[in-house]
Amino acid sequence: MNFLFARAPSIRIAPTATARRSISHSVSVSKALPFYLNTLRSAEQNDGKVLRMLMFGKPGAGKGTLSARLVKKYDILSLSTGDLLRQHIAERTEVGRQAEEIVAQGSLLPDDVMLKVVASKLELLNNRHWILDGFPRTLGQGKLLDAHLQNQNAPLSLVVNLDVADNVILSRISDRWVHLPSGRVYNMSYNRPKVDGFDDETGEPLTRRPDDNPEIFSRRLKQFYDSTSPLLAYYASPVNKLARLITLQGETSDEIWPQLDAVVRRSFPGVRERVSSISQRRYSLSDPFAMEQEKRAIKRGAASDGPNPSKFLN
């Protein structure tokens, strides 16, 4: 399926000028118009300085790994809809009891129930920076979330699409190991744990996801294209004038991370680094290689500005 828009508040950042493309890539966007500023009611809340972020990508694209890196480096909250739902059920809230009954029947939670689960937390965050994980997953959910956030005068400010080729993901999922309690992901090809089979931070055993096999991956990939492609097209369309959609390309999280880090630092200067991260960065930047990587990421981000027609390939 192809989508073509004359204008879209979005840009693409690739690791090199000659980045490879394939028709199997997820929905992506070319360079486009600059970031739109929301000027509805509160200049303090709607000047684009508060990071309210969604991250999309195919299964295995690195969403969890990159979100964890942002949270570790910056004062950003990561909100998992699964964790929020479990908290509501455990605390026996009204929406928790409703959700528990639906889950017990083996049914999927309706969009309005999921919105209540998410909204109950977002409404408490005021001007905090956050990343929302696990919601929305469909076009209908995206529109519901947008309407709620705009009513709260706290609209989304950034949507990130991780564009990793299908064949790249398929080739590496067999090497993936996970620390289930934290969600930390390791890969034996390029992101090995310090001790094979054990989590770096807790020392607890790593496990394999049961869905990390080619057959199940193919089904999950089809589901991604069916549900998420229309959602990304919505965020890239002229209808969406509040959040900026960017597409980051690479084959590994290590390739994509400098691009994502540069976008956050350039677009949201109010996001503060954690003290431990500042100390670590001062040490790492004494390494000439690290300094060169930092400079290249900034140059790539600067080169991505400017208008250009947007093209979507499914």
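Along the chain as shown, the residues are counted starting at 1.
Using the three backbone atoms N, Cα and C, a Cβ is placed for every residue, glycine included.
For G60 (GTP binding site), applying a Cβ distance below 8 Å and a minimum sequence separation of six or more within one chain yields V164, I169, R172, I173, R176, D212, F217. Feature annotation from TrEMBL assigns GTP binding site to G60, A61, G62, K63, G64, T65, R176, V185, Y186, S253.
Computed over the region 'NMPbind' (80-109), the whole-number mean pLDDT of the model equals 90. The feature region 'NMPbind' is assigned by TrEMBL to 80-109.
Residue density at R137 (AMP binding site): 17 other Cβ atoms are found within 10 A of its Cβ, drawing on all protein chains shown. The AMP binding site annotation in TrEMBL covers T81, R86, S107, L108, L109, G134, F135, P136, R137, Q141, R209, R220.
According to TrEMBL, the feature region 'LID' maps to 175-212. Cβ atoms under 8 Å from those of the region 'LID' (175-212) belong to residues 59-60, 62, 64-65, 68, 80, 220, 252-254 of the same chain, restricted to positions at least 6 beyond its ends.
Annotation comment: TrEMBL describes 176-211 as domain 'Adenylate kinase active site lid'.
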G64 (GTP binding site) to L109 (AMP binding site), Cα to Cα, whole Å, comes out at 23
Tell me the Cα distance separating G62 (GTP binding site) from F135 (AMP binding site), rounded to the nearest angstrom. 16
How many neighbouring Cβ atoms, not counting its own, are there within 10 Å of the Cβ of Y186 (GTP binding site)? 22
Counting other Cβ atoms within 10 Å, pick out the least crowded of the binding-site residues T81, S107. S107
Write out, in the order they occur in the sequence, the residues of the chain not among G60, A61, G62, K63, G64, T65, R176, V185, Y186, S253 that have a C-beta within 8 Å of the mean position of the C-beta atoms of the recorded GTP site. L66, N187
